[in-house]
Structure formats: C-alpha cells, structure tokens
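Read the structure below first, then the notes.
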Amino acid sequence: MMKQFFQSLQRISLISNLLIQHYREHFLSPHYDVFIHQLDDNFELINERLCLRKPNLFFEQPERILDLFFYLTQFEQATVHSETLRKLRLALEQLPQKLCEIPAAREKFLRLFNQKNAISRAFVPMHQYGVLTAYLPQWQEIEGLMQFDLFHIYTVDEHTLRVMLKLESFLLEENASEHPICHRLFSQFSDRTLLYIAALFHDIAKGRGGDHAELGAIDVAEFAQLHGLDRREIDTLSWLVKAHLLMSITAQRRDIYDPEIVMKFAEEVQNQVRLDYLTCLTVADICATNSTLWNTWKRSLFLLCIILLNSNLIKAWWNYWITRKNRKKTAACRGKFCSPHCLLFPRKPSGNYGDVALTSISCVIRLNKLRDIRHCWWISQETC
C-alpha cells in the first residue's frame, strides 16, 4: 500500500511540475531575446533549456533519451524544456523494450558515470522522469519501497540515490574535513564507474525475499556482463554488492582488537583496491541511511578498522597467523600480503580526521602469544 502511495505521489509531482514549468515558459517568462545554441543534429539549447530539434527523435531512436541527460551534465545551468519532457514521457510509455536491451543505449549509459556531477545532473533527473525504470528492469521493484527498521528513513530508491550523491560529494573540497579518507580515496580513483554501479545495485534486490546482498550480486554481475565489462570488473562489482555490509558489521558489531576477526576480514577483502572501494561505499551507505547515524564515535571505529587493515601491522598479523595455523602453507600464502619488515607502523598518520586529530599512532606488539596481539594504542591529540 505504501509503495503504491509513494509511486502515485511521484507521478503527481512529475505532472504538476511539468504543468507549472509549461505555464512559466509560456505565460510568466518575460519576452527576452531568444538565444539558440545548437548542440548537435538532435538537441539545442534555447535560453538554457534543452529542446529537441526533431520532434519524433525519442520515438524513432530511444537510445537518444540518454543524450538528453548527458547534455545536462555538460551545461550546469541547463534545464529540460517542458515540451521535451512531454515528448520524453510519451516515448517512455511506448517503449517496446527496456533501454538496456539496446546496445547503443548501454554505451551511453556507461558514459554518464564519467561525467562531472553525473549523479546530481543525470541520474537524479533520470529517476525523477522515469528513465531509470525504463532502463533497469529491477528499478521499478524498489521505487517507493519502504524499509521497516530502526535505521532507514528513506525508501529504497531514495536511499540508493542518496548513496550515489554522497559518493559524488566526496569529491568536494568542503567535505575533506568531514570525510578525509573518503575524500582522498575517491579523488584518487581514475575511474569511479565501478563504485557508482555498486552503489546503484547494493540494495536493488530488497523486497524480493532472501538475502538482498546475494541477489543483488547476481543482478550486478548480469548487468556488468551485458554492458561488456571484463572479468576483473565483474568480480569486483559482484563482491562489492555482496559484501557491502561487511565493513559496517565488522567495525560496529565485532571486536576489531581480536586478531581472528581482523584476519577473517582481511581474507574477505583480499586486496587494497577492494578495501578502498568498500570504505567509500560503506561510509556513503551509512550517511545515506540516516543523517544522524554518522558521528565521531563511528568515524573513529572505521578509522581504526582501516588502519588495522591498511598498515604493515596487518601484514605482520597475517604472516604470524598463517605460520601458527599451518606452517606448511606459509610459503604459499605469504604472497597475499607483503612480508613485514618491522612490527611498528612505518608511517604516522597525521592531520585532522574529522573530529579525531591523530598526531601519532604507536602500535606495540608482542608476538610471543596470540592473545598478546591485542595491544594497539593510538593516541589522539598528543604525541607519544
């Protein structure tokens, strides 16, 4: 019932906004000079409004629908003309197939992820105008889907877009103080497409019954294969969706000072790239669930969790652990993590990590007994 209610509200909002925009364009706007900027054979900008040069374009070439949102990313002040929106709405109602089944549309869809402000300027409007539903078969199932728990305050589709918007916001300099690690990592990614796709699919299987992470991993693998991604990218995407709750559960519900917990986490993550992706996705997911969930305490938990995995300390733990567990397999397993050359952090993180100012990190470990690998002190505000 609530799902149908939200979907009805969205349709009413879309039609109302379309009528208001049409009224403003034809009756309220002053008669300024008309400035026309031709973009290509199919689109033009008329006074900063995207217009079709061919009225039947979306009916004859449905893949051109995605070009509309590409141009929105190229011109920050541009909006879509009401007449173009009417043509878009009619074309979507008459689509003979999902847009993702059109090869040219798949190429254009992937291209959107690499554009500046792709989420806010392309994917949010695509959701608003019904294009995401027309492209992804699974998207319609989560539109307006409520989440009855103590944490989520948004419907699944709204939450998903907020996760993607949060990822995009990590690029902004003003967020460097609040999310320094994510800002640094996300800014360094040469291609953010995989992370955006993982965010798009991380909750897409909710409401079907069963484990939504497992089902979502299957969906994203099929999506990746359809869109021509290679095996490494498919495996990374599938793992990210399947394990998108792993870091959150480990940092908040497990004893991260327990070496067995950290080792199990390390075995799941396997490499640095996955850790970086998972860090950004997890923080964005928490922030998009409820704005009150992300606080200084959770920030410190995640920071410590990242430190334990991302330093030479974890390398020492790994080699020590596999040696104790099975000496015969030590040589074969050593390649997973570099052999430690010391038992102390070789570099000291410094700077402002949100509200936690780390000016020194000192880790002291005694490897005589496994239980002694619990003494990890990190001092805030003051040096050792």
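Residue numbering: from 1, along the chain as shown.
Each Cβ is built from the backbone N, Cα and C atoms, and glycine gets one as well.
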Region 'Uridylyltransferase' per TrEMBL - which of 1-38, 39-76, 115-152, 267-304: 1-38
Model confidence over the region 'Uridylyltransferase' (1-38), averaged pLDDT: 72
Helix, strand and coil totals (DSSP H, G, I; E, B; other) for the domain 'HD' (156-278): 88 helix, 0 strand, 35 coil
